[in-house]
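Asks: Below is the structure I would like to discuss, written out as structure tokens.
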Amino acid sequence: MAVAAAQKSREMFAINKSYSIENGYPARRRSLVDDARFETIVVKQTKQSVLEEARQLANVNDQYDDQGFESEEKPIGHENEVESSESSEPSSSDNDDSDAGLTEEEVLLEKAASQDKDAEMAVQRATLVLRLREGINSLARVLKVIENGKGNVVHLESRPSKEQGVQFDVLAKVDMTRKDLLALMKILRQSSTLASITILAEDNINVKNPWFPRHARDLDNCNHLVTKYEPELDMNHPGFADKVYRSRRKEIAAIAFEYKYGDSIPYIDYTADEVGTWTAVFNNVLDLMPKHFCMEYRNAFKMLQDEKIFTEDKIPQLSEMSDFLKKHTGFTLRPAAGLLTARDFLASLAFRVFQSTQYIRHSNSPFHTPEPDYIHEVLGHMPLLADPSFAQFSQELGLASLGASDEEIEKLSTVYWFTIEFGLCKEHGEVKAYGAGLLSAYGELLHAVSGKPELRPFEPSITAVQPYQDQEYQPIYFVAESFEDAKDKFRKWVSSMSRPFEVRYNPHTQRAEILDSVEQLNNLMTQLNLEMLHLNTALNKLKMRSG
């Protein structure tokens, strides 16, 4: 139920406007980074208003005495209340009203409860982390208050605390209604016996942390757009005055909105005009590729040509591209109606899923698009997703985003911008392009290799906070020694992020697993040891053969 509340709060904070729209379309192109920053600002503003509304509701409906919490015993921490009331010096707890109120996660729970009375009275399981200032004997008083509050304790653990001023940390799983749980939290938070109390949702994930998908099917919930129907909204868009084009965009976007996990990827019957635009860009890529594109891209491009998927006179279907990628790296594709929020887009990469548009840029501007279109996706992104090393790097970016803070999503988006969109790498002493924004836009590509912009070595901690240019071509690009070197540096940087748990992708179940128990780690170690055994056996057989 707590996870459901977190999902509910996420829907309340959903972003439906883009940075570009909000700021009068100043951008030459639409940026994942800009929209991530805009998303952070709007989420904070929206969250603040929601919290204020919920806190007001909590104050109005405050019913300590009506919740069944009165008992013959005083609540814990109030044993000396009468004696201390005569004191001339107020205690710190008297001055801190917030200690007696609700924390952010509890406010969100109450907000959700106020919108669903059935959920408010439904019994749910919650995990409480209690930090006891006094000895373990004080736990009995805490449990008595939980019992008086109509709570049923189903699991209890304790350990000596490492926190200064706290003797024991206690984890208690209780079954009780959301209404009673919130009232219990208020009472316990007033206790002098407790240093703090925290409520956790299921799977020990704090409900105030962002919801994130746990299975590939959950990507059905990762379709929040930051830019909707650009031709409808942006008077600078090449298709703004073209009613036929705008209608076509709506039609293709509607198909994407209807798509759900497990559905067949919809077929798009591209028009002669759209195929003509594809042909112009395709031939331009053929001209630039030998000299400027990285080897991994060239190899994948040739494979696509050999399989007759890449031809100049036919736009490949999204299903064709998805089957090709799945065969080579396990990546699959799903249709998207437009530019997604940074969090939703990055989350899909964690499951080796790339969310792709299917509409084609306007024919009046074949070599430039103000937002991602299908030509950018197919010619820019997809060939490299067939390369194992690049696919792994893309997935690790996605895994790092699951449960990350808004500020960290901004940094990950910036890394994505300077690598997967506009990245350069070294190849036999020469600088080659691997970023999709360079591979599918010849103007920026020629600028990047012209010697005019500054080329810096890729260092994630520096790249993540580097301001970028979206009005003109980039003044700075980051150059990776190789994909492997980029992955190694990225992993070290990600390990310093504030996320309190580690996530891995299980390809057998298509699930993102949180590594938060000894049992999970032991099972994973057993699997890895078995893999190492097979590798050592294979290596020994090769040595025997060569000997």
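Every residue gets a Cβ built from N, Cα and C, even glycine.
Pulled from TrEMBL, these are the listed features:
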- 59-101: region 'Disordered' (REGION)
- 71-81: compositional bias 'Basic and acidic residues' (COMPBIAS)
- 127-202: domain 'ACT' (DOMAIN)
- 197-543: domain 'Biopterin-dependent aromatic amino acid hydroxylase family profile' (DOMAIN)
- HIS376, HIS381, GLU421: Fe cation binding site (BINDING)
- 511-538: coiled coil (COILED)
Asks: So, by DSSP, how many helix, strand and coil residues make up the domain 'ACT' (127-202)?
Replies: 26 helix, 32 strand, 18 coil
Asks: Hey, which bits of the same chain come close to the coiled coil (511-538), Cβ under 8 Å, at least six residues off its ends?
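Replies: Sequence-distant neighbours of the coiled coil (511-538): 203-205, 212-215, 350-351, 399, 402, 501-505.
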Asks: Near the Cβ of GLU421 (Fe cation binding site), how many other Cβ atoms are there if near means within 10 Å?
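Replies: A 10 Å sphere around the Cβ of GLU421 (Fe cation binding site) contains 23 other Cβ atoms.
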Asks: When you measure from the Cβ of HIS376 (Fe cation binding site), how many other Cβ atoms are you left with inside 10 Å?
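Replies: For HIS376 (Fe cation binding site), the 10 Å Cβ neighbour count is 24.
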Asks: With the Fe cation site defined by HIS376, HIS381, GLU421, which remaining residues of that chain have Cβ atoms positioned within 8 Å of the Cβ centroid?
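Replies: Neighbours found: PRO372, GLU377, GLY380, ILE420, GLY435, ALA436, GLY437, LEU439, SER440.
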Asks: Identify, in sequence order, the residues in the chain of HIS381 (Fe cation binding site) that are 6 or more apart from it along the sequence and have a CB within less than 8 Å of its CB; answer 'none' if there are none.
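Replies: The list for HIS381 (Fe cation binding site) reads PHE354, SER356, ILE420, ALA436, given in order along the sequence.
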